[in-house]
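First up is the structure itself, then whatever we jot down about it.
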Amino acid sequence: MNSQSIIGKPAKPVKPATLSERPVLGRADPDEPGIHKRIPNFLSDPKLSAYAAILLAPSRYGLLNYNNLRAIHSMFFKHLRGFFSNDLSIDLGTANTLIYIRGQGIVVNEPSVVAIREDRNRGQKTIAAVGAAAKSMLGRTPGNITAIRPLKDGVIADFTVTEKMLQYFIHKVHRNKLFRPSPRVLVCVPCGSTQVERRAIKESAAGAGAREVYLIEEPMAAAIGAGLPVDEARGSMVLDIGGGTSEVAVISLNGIVYSASVRIGGDRLDDAIMNYVRRNYGTLIGEATAERIKHEIGAAYPGSEVREIEVKGRNLSEGVPRSFVLNSNEILEAIQEPLQGIVGAVKVALEQTPPELGADVADRGIYITGGGALLKDIDRLIAEETGLPVHIAEDPMTCVARGGGKILELLDEKGSAVFSLE
């Protein structure tokens, strides 16, 4: 039988489709919307194409050894999963964890709290709740459940629990994805953290499923998130007041010229309020109550209006609940010591700043970011103490996470040499 088609015309030879040309999951049109449109082009990633070449022709590379093939197989699918995962910028804070996804904005803003349930009969521990649900349990848990903060002063205090918390948040933002997530992650860290502490953060993020982990210092991310022109040959000063630390830095030409970190933040203000109430009223109050007092009547500078709040706590002498009233002047007195610690760090930074950059800071002023920027009149206090203009950044609590997201975008465009990533 000659090579003729059934309608009498010569049959054309058929060229086999290449791997990148074959329709995947029943979709031949690569322009169709949805996650599938990314599949035909996934081998454009150089790492994926290299792994694929080895997997498709192992004998050519002499990799018939089972363990070698297994390692290559694992790396291939890790990067394949990464192709369907989002790039994440994570502000891993003592008080709150924020996650930014490019094109979506802030997708996670939850307390850095984990509730752990212990089965004493089996000696096993399981995660009962993470984030807001876990924070609501603080001070209210039964004997077999413990609500803890796995980070202290901006660094990891409990490695295992931090890893589980990150894993929960990463899976939360990839809930509807086809593959188990393996994202590229940038984590913002305090500038005063040690190499051991930074390594712990990297290993925790990798253990939570990240395929690549980068670290950036928080003041740099905060400055970018606040919209400061960090790439210019002019100085910009940023003060990031978080839950566990306050970071102050002078930035120029995409680098940090001077930075300092003091382990004073929102948590220290809460502690100061609890100590003041116990000392002056003989009453114990919890963290949540102290935080509510700070938000509702707390201020960093004396004002003409005196505000009041009714508080309930346990009287130490009687051992029973009691109600009493606090006013804003009392809270100002209570938080004076930690506030002066933050002011002192800013003054030292100004003293250590080179004269030319100091002149730039005098022109532009100091920008405050972080949750602590929401404390009433904190800008007025810093301006009074330094004699410089002070600005509260727009949406200060999310500046670090948003700045990290912009850094990831620049990483794709210009490479890692632009910023000092670890």
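Glycine too: its Cβ is placed from the backbone N, Cα and C atoms.
All TrEMBL annotations are machine predictions without curation.
Under the heading region 'Disordered', TrEMBL lists 1-32.
Here TrEMBL flags Thr94, Ala95, Asn96, Gly243, Gly244, Thr245, Glu291, Arg292, Ile293, Lys294, Gly371, Gly372, Ala373, Leu374 as ATP binding site. In sequence order, Ile241, Asp379, Ile392, Ala393, Pro396, Met397 are the residues near Ala373 (ATP binding site), counting only same-chain partners six or more apart with C-beta under 8 A.
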| note | Within 10 Å, the Cβ with the most other Cβ atoms among the binding-site residues Gly244, Gly371 is that of Gly244
| task | Select the most exposed residue of Thr94, Glu291, Ile293, where exposure means the fewest other Cβ atoms within 10 Å, treating these as the binding-site residues. | result | Glu291
